[in-house]
């Protein structure tokens with residue numbers, strides 16, 4: 001569409017002798033953090049066919065934009081150029097007034113001077129005459145390639161006067177300043193949440209609309225950000241252009257490489273202003289801040305429940321959809337959350353990566369390690385006030401009060417209050433005994449039975465009576481001992497005669513008296 005319209009512009013290259021070059025001269029960054037534009041002329045450093053442009057959209061100063069140098073209009077003489085520009089009078093008469101006399105015939109945008117319009121038209125033509133010498137990426141403006149080069153050189157000429165953090169672009173510094181000042185000029189019309197960066201507001205708005213404007217050409221997956229789409233596309237190409245200088249590990253995006261490097265240096269540049277805790281990634285600090293503010297910006301469309309993190313919302317939604325995308329390679333069991341699969345896999349591998357510094361015991365989950373010696377029981381039953389070390393155990397306990405038994409055996413109809421008891425019961429019908437003793441190769445249907453059996457080989461007696469210090473190999477033996485020798489408790493009652501016993505095994509032994517009496521009577 002635009003090929004014929006801008007034919008004249010593309011056919012006529014402008015050399016350095018026609019247009020003054022732009023030299024970036026850095027001023028005292030400690031006081032001003034400003035770049036000034038200095039018009040120079042040096043045709044010897046450039047080829048005859050090279051074109052040099054200024055970027056009209058570039059903000060050269062953190063405080064404001066420096067005025068562009070005066071450039072003669074004589075270099076735009078082709079008829080096609082003139083057709084694209086609609087001046088009302090001479091340009092120089094209106095620069096001082098700020099009046100925009102030059103209009104783009106494609107999109108209607110107006111400019112004060114012709115050079116700005118000519119630069120703007122590259123957006124429509126797609127012309128990119130400037131190329132990065134490192135990665136060959138092409139740019140429409142010389143200033144854009146100058147900015148991009150800092151990605152490779154690591155140059156960060158703009159320094160924050162508050163915290164000393166440096167940036168490669170002045171506009172990024174300007175946005176960063178608002179973190180210190182607390183200024184948040186951009187507000188969401190839907191939820192009235194405020195942002196210090198317009199780009200972040202733009203991304204946030206898409207959480208309400210669900211809009212994913214950027215799609216992967218290979219698999220069709222949608223993204224709210226172009227950068228995330230580009231990062232995703234590298235999973236298809238396998239390209240990893242960023243390399244760790246310490247260990248040589250390669251990454252598909254620079255931010256991941258920078259974050260990884262901090263595992264070597266131990267650097268944690270992102271500090272919480274509330275509690276002082278430091279983080280290696282800005283996103284981790286952002287997530288952490290919500291523990292102080294209580295902010296929960298993500299809400300479930302099904303039930304309205306709110307979450308502090310988007311990942312938590314994604315996991316929760318699967319409760320409604322029933323989706324279980326994570327499958328165990330050992331048994332095929334599906335899970336809604338990847339971390340739950342990771343923990344489950346340890347059932348098969350026997351891995352227990354968390355070791356207690358006090359007793360040397362290993363645990364499959366961090367929660368077990370954290371609570372074993374502290375005695376901490378943060379979860380309390382609202383019916384009987386009994387406390388538990390884990391939320392799962394509390395939920396299981398509450399079914400004692402409600403009588404809920406959500407797990408039903410399809411073979412015999414027996415119901416169970418918890419999934420582990422239900423699974424153990426199913427093995428009664430299937431005959432499955434997946435747990436094998438490493439000493440004698442005997443197999444068992446449950447892990448607890450195997451654990452108890454192992455003590456016959458090791459002689460371990462981990463259960464100790466607090467009253468008389470006697471030790472036992474099984475918890476049930478300790479309980480029976482306490483009732484028989486110390487408390488006198490007899491919770492097991494015979495349904496035939498009403499006699500009570502301290503242990504279930506003693507009740508079973510007693511029941512034989514009644515069965516033998518019945519057999520004698522029938523004889």
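Placement of Cβ uses the backbone N, Cα and C atoms for every residue, glycine included.
Of all ranges given (47-73, 74-100), TrEMBL attaches the label region 'Disordered' to 47-73. Outside the domain 'C2H2-type' (407-434) by six or more residues, the chain places 396, 399-400, 443-446 with a CB less than 8 A from a CB of the stretch. Here the domain 'C2H2-type' (463-491) has a mean pLDDT of 89 out of 100.
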